[in-house]
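Chemist: Before I ask anything, let me first share the structure, which is written out below as structure tokens.
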């Protein structure tokens, strides 16, 4: 007989050390192994009945752009295989979250959504049309005159208005679809700077997204990602790539938004950085505002990142939390693993999955820097992709490897990973390419696709929502995607629904997390 503690330890040790053999470990052949593991899981599940009803002082949303359920599963296997394990039994950091639900991702005018309309849903709490950010479904894409009066605000603004510090960290441009819905109101997600806007939109008074980043919510405490070129006057050379025209400034109004930001923050412990050395040399205790723009466009893929000059998502998240958590009122942080989506669009599954593993690493780092007693953390995706893997592969088969049999139609091998559509469609002499003749495990290999497209498309199925911390249990079942920020705001006592935060005697009804014992007593009182 084993105590619960020793069972947990034994199973964890075993799971962390499965090697890639293609066969089950001998202990898996013993029913007692599975029964013990299931009983320990049951014990942990029963503990979740003691609900965490503290006030969420801090809110963190990790958004894996394009991270559908097949991507989560494949990333789990990859994470294990990178450690020399079989992979299937590995736990992602997000797998450890106690509450999981599904979100319906459709846009108001699209069955299969885009990242702009979905961002408006999970940040502003309102479903919207594809291609628009921070505006309701009454706004029409690219029609500037439908903006005014249809603006909707985000949970980042609700948090800022309540006295919290707020931050945005992304591997894409800071004015890309996902982050822009946190601060901008634009009928076109592609209006990165005025250089990308039609003259009639500018004449009608619409503002580009980079400008809105600096003006709409002027005191966003932490902003990190790419997108430098949209902040500088047209043709101004980039600091990192001075002789490459495509990286030069794009602004037609002649404004230097970075210099403007520096001038406004010079006496407020504000720091602008554009490389890893600069950002990691900062002492977070001496920084109140941080603007980090590490590339002219999107950040490089994690597999191609220069570890000497470019910070990882995990490193950016650590710096952000250390700055934001100084606020006694707490913080809201949006973190986007944005290039999972780009890898899939290009049919480059290896790039996409390594991006997902890196985001999971960042989730783990955030866990170490925060407490489950006062921090509500949510991990989700905006939409899925036409990505999947199958083919009856054996246990421990490399996630980027071949299925164990040939096609019984064309007698050729095929990779386990395939796309429903995309650039990987390829014919050789009128027939499907024989993948055994090429390096299908190369970083930029484009997996075979059923339908030829220059860019693979999004998928339309529901996405997972993982949650832990105060009131995480409210994220359960199947919900509309716009439900997410309403739960987060409710848990933190910000935004429109705050009646539950004040008791009849004027004191807080939801209790701040003082200790795990206090939290347990609070839960007991609510359950009785």
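FYI, residue positions are counted from 1 along the chain as it appears here.
The backbone N, Cα and C atoms fix where each Cβ goes, and this holds for glycine too.
The following feature annotations were taken from TrEMBL:
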- 115: active site, phosphoserine intermediate (ACT_SITE)
- 65, 176, 178, 336: Mg(2+) binding site (BINDING)
- 65, 341, 345, 382, 383, 458: Zn(2+) binding site (BINDING)
Chemist: Around the Zn(2+) site formed by 65, 341, 345, 382, 383, 458, list the extra residues of the same chain whose Cβ is within 8 Å of the site's Cβ centroid.
Modeler: 66, 114, 115, 340, 344, 381, 384, 385
Chemist: Does anything in the same chain, at least 6 positions from residue 65 (Mg(2+) binding site), have a Cβ under 8 Å from its Cβ, and if so what?
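Modeler: Those within reach of residue 65 (Mg(2+) binding site), by Cβ under 8 Å and sequence separation of 6 or more, are 115, 172, 178, 336, 337, 338, 339, 340, 341, 381, 382.
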Chemist: Could you state the CA-to-CA distance between residue 176 (Mg(2+) binding site) and residue 458 (Zn(2+) binding site) to the nearest Å?
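Modeler: Per the Cα atoms, residue 176 (Mg(2+) binding site) and residue 458 (Zn(2+) binding site) stand 17 Å apart.
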Chemist: Within 10 Å of the Cβ of residue 382 (Zn(2+) binding site), how many other Cβ atoms can you find? Include all protein chains, please.
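Modeler: The answer is 31 other Cβ atoms.
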Chemist: Cβ distance under 8 Å to residue 458 (Zn(2+) binding site), same chain, sequence separation 6 or more: which residues?
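Modeler: Residue 458 (Zn(2+) binding site) has long-range Cβ partners 66, 112, 113, 114, 383, 384, 385, 386.
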Chemist: Among all the protein chains here, how many other CB atoms are within 10 A of the CB of residue 341 (Zn(2+) binding site)?
Modeler: 28
Chemist: So if I draw a 10 Å sphere around the Cβ of residue 336 (Mg(2+) binding site), how many other Cβ atoms end up inside it?
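Modeler: Summing over all protein chains shown, residue 336 (Mg(2+) binding site) has 29 other Cβ atoms within 10 Å.
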Chemist: Any same-chain residues 6+ apart from residue 345 (Zn(2+) binding site) with CB under 8 Å of its CB? Would you list them in sequence order, or say none?
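Modeler: Residues satisfying the criterion: 66, 385, 422, 455, 456.
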Chemist: If you draw a 10 Å sphere on the Cβ of residue 176 (Mg(2+) binding site), how many other Cβ atoms land inside?
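Modeler: So the number of other Cβ atoms within 10 Å of residue 176 (Mg(2+) binding site) is 28.
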